[in-house]
Every structure is written in structure tokens, then in C-alpha cells.
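Enquirer: Here you go, one structure.
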Amino acid sequence: MMSAPAAATCGADSPLGAMFAAAVQFFAAAQCALTEPWPPVPTVANNSHYDIIVVGSGTAGSVLARGCRRCRSTKYDWNYTTEDDQFSSQELQHGAQRQPRGRLLGGCDSMSDMVYTRGFPSDYEAWAAALGPQWGWPTVLEYFKKTERMTDELITPHPELMKRHGTAGELHVSGARRYSHTTQVFYDAFKELGFEMVEDMTDPTKIGVGRFSHTIRRGRRHSVVTALLNKAGPRHNLHVLRDATATQILFDGARAAGVAVLIDGREHHFYADKEVILSAGVFNTPKLLMLSGIGPREHLEALGVPVRADLPHLAAAPGTCPSPAPARYAALLRYLHDQGGNFSETDTMGAYMVNETANPRAPEFAMFPTCLPAGYGFYAGCTSILGFKEGICRALDDANREHELITVALVLLDPRSTGRVRLRSRDPLAPPLIYSGTFSHAADLARFPAAMRKALSLKDTEFLKARGARVVELPLASCAGEEGEAALACRARATATSAWHAAGTARAGAVLDAELRVRGVPGLRVVDASVMPRLVSSNTNAAVVMIAERAADFIKTQYGFQ
């Protein structure tokens with residue numbers, strides 16, 4: 001974490017609170033209009049039959065429902081955390097990493113930062129090696145393009161860049177039309193450090209620093225619910241059931257035949273004449289599989305769950321500054337009025353980085369700098385959202401009282417460490433046990449010191465050095481006495497937290513076949529981030545949309561749907 005004298009990078013504050021509060025009250029009706037109406041809840045009878053049941057209406061489930069053809073906004077989050085492994089994340093509260101998961105239509109896509117990234121071709125070449133050419137880069141690129149409507153004005157004028165983008169899909173991908181002063185400062189700093197400037201951060205031929213595109217349309221989040229599920233419209237053959245929790249897969253002999261669902265505390269059974277698809281998310285999908293007797297035999301037997309399929313590989317593979325206050329207030333009022341202005345877009349930027357020993361065809365780390373103006377009030381977010389211990393948050397908040405605070409999130413994109421998900425009990429409403437496995441492979445930790453030194457070197461760039469930027473020393477009790485390279489590694493291990501893009505808990509090639517069907521269980525398929533045989537070198541949301549589009553074609557081909 002770095003601090004610098006105020007007024008130079010992020011801007012200062014201004015006493016406009018009373019006017020701002022009155023204006024916000026005036027525009028209250030406009031604020032209510034920003035939400036997206038969900039489909040109406042259908043009336044469904046217990047023991048109803050469907051061709052296909054999709055369990056979960058997150059990113060993948062929403063795409064599948066639209067693809068197969070055959071709400072007011074909510075703040076719900078499953079609020080999962082990892083278990084304390086007594087090794088990593090010891091400077092986080094209870095040694096636990098937060099794992100936010102969307103508990104609403106659209107899932108994590110309805111609460112994410114909307115960044116649109118796909119990963120790199122080498123990610124999908126690894127998928128193809130495990131699953132076959134139907135998952136290779138040339139094939140998946142067409143599925144990315146299928147749902148995408150690229151409108152980013154930095155990208156659309158360039159025919160070479162547009163060859164890799166869709167123009168007729170439902171999911172709008174846009175970009176900020178202007179850079180903030182802070183973003184330009186970061187660009188200049190990274191350029192000074194030798195990073196290549198990249199116009200399109202999904203360009204697989206370049207690794208460098210740039211501004212990300214986002215799934216935003218006309219100033220509003222363009223989630224899969226808005227873009228795809230709601231576009232399906234009212235249909236007699238598509239029922240979207242909200243406020244329902246699947247508790248178990250039902251079987252007819254060895255075949256998956258339906259699901260048991262809790263609605264208002266009462267159990268209902270719904271049956272699938274063709275198949276059941278689990279799209280419950282990277283933690284709830286393996287939980288539901290294990291509750292139904294599918295998973296590691298030893299674990300299931302220890303809990304008294306009858307084993308239907310012994311699948312031992314069911315495990316996780318985790319791996320700019322605001323404007324000055326007067327501008328912020330005016331921008332928010334403009335947004336409430338017509339969804340325009342600075343609040344209608346974001347110029348979030350980041351840098352992809354390759355260490356000397358890494359594969360030059362894909363980045364090894366991503367750096368995401370953020371600048372907080374002096375007096376921002378960092379403590380609450382540091383403790384409640386990031387989950388750090390009070391001493392760390394107090395040190396950062398104290399530094400931020402009179403100085404701007406620059407934070408740099410350093411994300412390892414190709415971790416070799418793996419974790420696992422297990423049942424806490426046979427209670428379907430109990431949260432799963434999540435073991436992050438962070439730094440369980442020593443090579444991951446060994447790569448951090450060099451990357452940390454690169455991130456810290458931002459303070460030595462011309463603009464920040466001229467303003468006296470300094471590193472805020474954090475009180476890390478678990479690293480007392482460590483020096484040099486060992487101190488950097490210790491800091492990485494002690495403060496490690498999740499980037500919130502877990503995947504691979506029901507991997508294709510291990511738990512699933514190449515068309516995402518559960519091995520040894522007819523009539524059961526998984527379609528969400530759980531299926532990834534290897535993490536992609538980016539945020540996972542766009543990749544999950546692609547997976548769901550690919551799966552929709554598998555399903556339509558298998559059953560002859562048109």
C-alpha cells in the first residue's frame with residue numbers, strides 16, 4: 001500500500017453534503033427506476049415434469065435457460081468463507097478468505113465488477129489437450145463472439161481487433177469514452193516501468209497495461225439476466241422459480257430424474273424427462289452433488305451419505321480514483337436523472353505481467369491499482385469487505401486520513417495450488433466447508449516476491465516520486481523478524497485473500513466428460529465455473545457465459561432441439 005500527499009492524484013473533498021442530500025431525495029423516483037424487473041414467478045405444482053431442469057439461475061443458468069428455450073434487484077450473497085488452514089491468510093479475520101457468491105438471478109454476474117475478459121489462447125489449448133478440439137481456442141472464440149455486442153469506442157474503429165469480437169450478440173460490452181486523471185497517471189507510471197500499452201485487454205497477442213471493457217449498456221449493468229434471460233420473455237415452456245433452494249438430486253435407478261426443492265419451508269419434487277443440469281455455482285454445485293451421493297467415497301461415508309458415484313476429484317481449483325467531490329455529487333445526480341455522465345461508465349484499468357521464467361504467451365500476474373482520496377474512510381471496507389484484521393485496517397485508514405492511498409491488488413493468474421470443497425454436514429442448508437489451498441504448492445509463493453517488487457516500484461515513477469509517495473508498513477505479527485525475500489514471501493502468504501474467481505470444483509475431464517455430463521450418472525450435467533479443467537488467466541464471468549453457450553449447443557444436438 002502506498003500513500004502520497006493529497007490533491008495531486010485523486011482530488012480533494014468539498015462541503016456540498018446538504019445540497020447533495022436534497023437533490024438525491026428529489027431524484028429518489030429515478031433511482032428506483034434503475035432496477036431490472038425480473039420475470040414473474042410461475043405457479044408450479046409439486047411433482048411437475050419438465051424436459052430439462054436447470055438448478056441455479058446464475059451466469060450459466062441464465063444463459064442456458066435462454067439458449068435452450070426448452071425481479072426486483074436484491075442484495076443477497078451466500079456469504080461463504082474459507083476455513084482457517086493455519087498456514088495462509090493469517091492476517092485476515094479468523095484466517096478466513098471471503099468468498100462472495102451471488103444469491104440472486106444472474107448470480108455473481110449481477111454483483112461483479114462487470115469487467116469483460118476472456119483469458120488467453122494457451123488457457124484453452126490446455127482445455128483442448130484434456131477434452132478435445134471442441135474446447136480449443138478457435139472454437140471457443142466463436143462462442144465468445146456469439147453473445148457479445150462490442151461497442152467499446154477504443155476497439156470498434158480497428159478492423160484487426162474487431163475480428164475477435166462479436167457485433168450482434170445480446171451482451172453489450174462497452175468502454176469509458178474518457179480517462180480520468182488518475183487512470184492517466186497510472187498509465188504513465190506503468191509505461192515508465194516498461195509495460196506495453198494495450199488498446200484491447202482481450203487481445204490475445206499482447207500482454208501489457210490497458211483499460212478494460214465492461215458489460216455496461218446505457219449506463220447500467222448489462223448482466224446475463226438483463227441481456228439474455230429477460231429477453232427470452234414469458235414462455236409457456238420456461239419457468240423461472242425464485243426463492244427456492246435445491247436440496248438433493250432425485251434418481252430413477254441410476255439415472256438422475258429430478259430435484260428436491262425447498263419452497264417456503266416445504267419440500268417439492270420436480271422431475272426432468274431428459275436431464276438435470278447443475279448450474280448452482282462453484283461451491284453449491286459440488287455441495288449438491290455430494291448431498292446426492294456423488295463425490296469422494298471416504299468423505300460421503302464418513303457423513304453417512306449413501307454413495308451413488310465415487311468421484312474422488314470433486315475439489316476446488318482456486319486458485320481509478322473518484323473525481324473530486326463536487327464532480328462526484330454532480331455526476332451521481334446526472335446518473336439518477338438519465339443514466340449518463342461519469343457514473344454511467346468505468347475506466348477500470350490493470351496490467352498483465354510476465355516474470356522472466358513465465359510462459360510469454362500468457363500473463364502470470366495481474367495488477368489492479370486503485371487510488372483513494374484523502375479522508376476516504378478506508379477502515380469499514382477493509383474490515384468488512386476485504387476481511388483484514390483491525391490492526392492492518394487501522395494503519396491504512398490512519399495513512400489515508402491526510403494522504404491519498406494507492407492500493408495495488410496483485411493476482412496470480414495461473415496458480416498450481418488446489419483446494420477442496422466438502423460437506424459440513426448432511427443438512428442441505430448448511431454452508432459447505434471450503435479449503436482454499438492457497439500456497440499449498442510452493443511454486444506459487446516463490447513467484448510472489450519478484451511481482452511484489454515490481455508493484456512496489458510504482459512509487460519510484462516520476463509522478464509519484466515527485467509527490468513523496470511512500471509505502472505504508474503494515475503491522476504483520478506473523479512476519480515479525482523476517483527480512484528481504486523471506487519477508488516479501490511472508491507478507492504474501494499472511495495477507496493472501498481470494499480474487500473471487502474460484503473454478504474447477506467439478507472439472508471436465510475428471511468429474512465430467514467433454515460435454516459436461518457427470519461420469520457414471522446418466523441424465524446429469526454440470527454447466528458453470530465448476531467445469532473448468534484449468535483456470536483462465538482472467539476474470540471468469542465471460543468464460544462462464546461461453547461455457548453455457550457451448551453447453552446449450554451440446555444439449556440441443558443431443559435432444560434434437562431446434
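Just so it is clear, glycine is given a Cβ too, placed from its N, Cα and C backbone atoms.
Just lifted these from TrEMBL, have a look:
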- 50-299: domain 'Glucose-methanol-choline oxidoreductase N-terminal' (DOMAIN)
- 415-548: domain 'Glucose-methanol-choline oxidoreductase C-terminal' (DOMAIN)
- W500, H501: FAD binding site (BINDING)
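Relative to the rest of the structure, where do these features sit?
Expert: Averaged over the domain 'Glucose-methanol-choline oxidoreductase N-terminal' (50-299), the predicted model reaches a pLDDT of 81.
A coil conformation is recorded for W500 (FAD binding site) in the three-state DSSP classification, outside any helix or strand.
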Enquirer: Over the span of the domain 'Glucose-methanol-choline oxidoreductase C-terminal' (415-548), count residues by DSSP class, listing helix, strand and coil in order.
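Expert: Tallied per class, the domain 'Glucose-methanol-choline oxidoreductase C-terminal' (415-548) gives 49 helix, 15 strand, 70 coil.
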Enquirer: Could you check the binding-site residues W500, H501 and say which one's CB has the most other CB atoms within 10 Å?
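Expert: In terms of Cβ crowding, the pick is H501.
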